[in-house]
Amino acid sequence: MKTKNMHILFSKVECHICACGGVHVRYRQHLIGLGEKNVHHRFCSIHINLIGHLKTLSPHHRHRDVMGGAGNISLRPHCLCCRWYCGFWWCCNAEDDHLAWYPFRSSKSTFSAEESESATGKGSTDSRTSIMATETTSSCTGSNLLQPISEIINLPLDQVNFVVCQLFALLTALWFRLYLHPSKASPFIRHVVATLLGFYLALFCFGWYALHFLVQSGLTYSIMVFAGLEHMHKLCFIVALGYLSFCQITRVYVFDYGMYSADFTGPMMVITQKITSLAFEIHDGLARKEEQLTPSQRCLAVRKMPSLLEYLSYNCNFMGILAGPTCSYNDYTAFIEGTAYQPRHLEANGTENGKHKHTEPSPKNNVISKLCTCAISLAVFLSVSKIFPVERSIDDKFMASTPFILQVLYLYLSMLATRPKYYFIWTLSDAINNAAGFGFNGYNKDGTPRWDLISNLRILDIEFATSFKMFLDNWNIQTALWLKRVCYERCPINPTAATFLLSAMWHGVYPGYYLTFLTGIGMTMAARTLRHNIKPYFLGSTTHKSVYDVITWAGTQVAICYTVVPFVLLAVGPSLKFYRSWYYCIHIACLLLVLALPVKPWHLRAKEEQPQENSLQGGLTGDHNSHSITDNNCNQKHKAT
């Protein structure tokens, strides 16, 4: 008996995350564990519908780790045929060599006996097709000490470990600022404590996989010390990014394709940024002439090779080991040595910024404000993300029964519900650094301290962005600065495309990342061309400007959502399915805009002979409007000297 549909009979099971009654497997970014409960499955065929076409899987495809006996199951969340995640998981009945694929079901925890009998033609007592699942735990390579808490609050252990470690880091940061203040402890002691605490948190969260941090740092430091200064930065870039890619490939394709977990490659992404940034900064400071450097590069240049302790402290300190953000080496050493509060900036009128301040500013108010933002972001994400899953956008019934305008609205809401997760992680990390005294960025005009030196986002500017560039300038700011300094400013050929390609490689090996950033290249070119040609016609009055802002806000939000769908879905099949449902309309529109409109309209060509005082390109797109915090400060410091 062979049919195309698979039917499953579950015992009573509850989802460990949202009690949705779904089957307990790891599905996309919804990490679930089987726990201690048994799940019974019934299947009637090895014929399945896989990405729109029928396939028959022969017994030799059975997973090599399946044990013999009375029907054990092995779960693996990727397709053995196409190697891409396709929304199916598979089990093998070792008793009769049947291989079955099951679509993930989360709408109900049980199927009726009548439904299962109609599918199989047999009663539920047929023991030959009833198989028992082996117990599986959530993907966590770190400590199991908090397992009881994980079970009580129904959250995966790796996520519990991450949040608890970040809260511990927050409390430790307060202690670090008060009791290991630069006036009470030497830079050596501060480096040692920050490094040891960082390694402890890494071991707690990732177990012995944290040794990869040492291996990557050790390899690149050896290159810095023993390789010549002329090519040291290039070798460090290749080795650091290559080692990161190697770890991402093995994690994804060998261990847990399609699973979400707080894996060790996340911190390695930030360490890679720091390693490559420092390598270029050392090269700028020791191997290049002053006149060859831009003002930003001159400010960030490192004039002395750091010691091994300083290098490890910069890469693996407890404040940023788990979630970053990255920062410049000079800013970090100024924080450790206690010189970050010295007035070094200039106001527009030429007076020193903050000279009237004589006491060290307190980060208390900023930390409290950011922790409140974290709480709100986490509450919004946990409540809203379940209501608007992105996967529904590619559901056949949804696409067939929903008008296109409502599909657009749903896409916006689903992506809006996804962002608070990043708001929570990055804002909490920023609060930890501020609590330790790191992140001071001078004073505002009213004399209040600014603690946004290494902030990674500006939420209001993101949500109300009126251009593609404005969104990118305020999202993952430190990564954008890294891409700009390491790639965009230094790449001689097509820096925009090279920057997007580097960003995709850095994020990982899922094909959805490459689809997103390749789409982003065309989106950036089209947005720049459209803005330069259209915006001047709306600047005549306040009303026209308001209309322009509303239209561009809506267009920007739709364009961003359209672009990042593959980033969320990860796989090629679902991503192309989404784009096909939209008839690739925005891709086509971008292509037409780039071909039809001039790159330099008349009002820009008239000014092209004017001298360009600002040599720093805005964001990743080359616009003159830069929101770079650190680069602006570097320019101010350069003028001060």
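Cβ coordinates come from backbone N, Cα and C, glycine included.
Between the stretches 75-93, 493-511, 512-530, TrEMBL puts its transmembrane segment entry on 512-530. Only residues 6 or more beyond the boundaries of the transmembrane segment (512-530), in the same chain, are considered here, and those with a CB under 8 A from a CB of the stretch are 467-469, 496-497, 500-501, 503-504, 556, 559, 562-572, 575, 586-587, 589-591, 593-594, 597-599, 620-623. Through the fold, the transmembrane segment (400-418) approaches residues 380-381, 384-385, 387-390, 392-393, 463, 557-558, 560-562, 564-565, 568, 581 of its own chain, all at least 6 residues removed from its boundaries and within a Cβ separation under 8 Å. For the transmembrane segment (581-599), the residues of the chain that approach it from at least six positions outside its boundaries are 393-394, 399, 407, 519, 522-523, 525-526, 529-530, 532-533, 558-559, 562-563, judged by C-beta separation under 8 angstroms.
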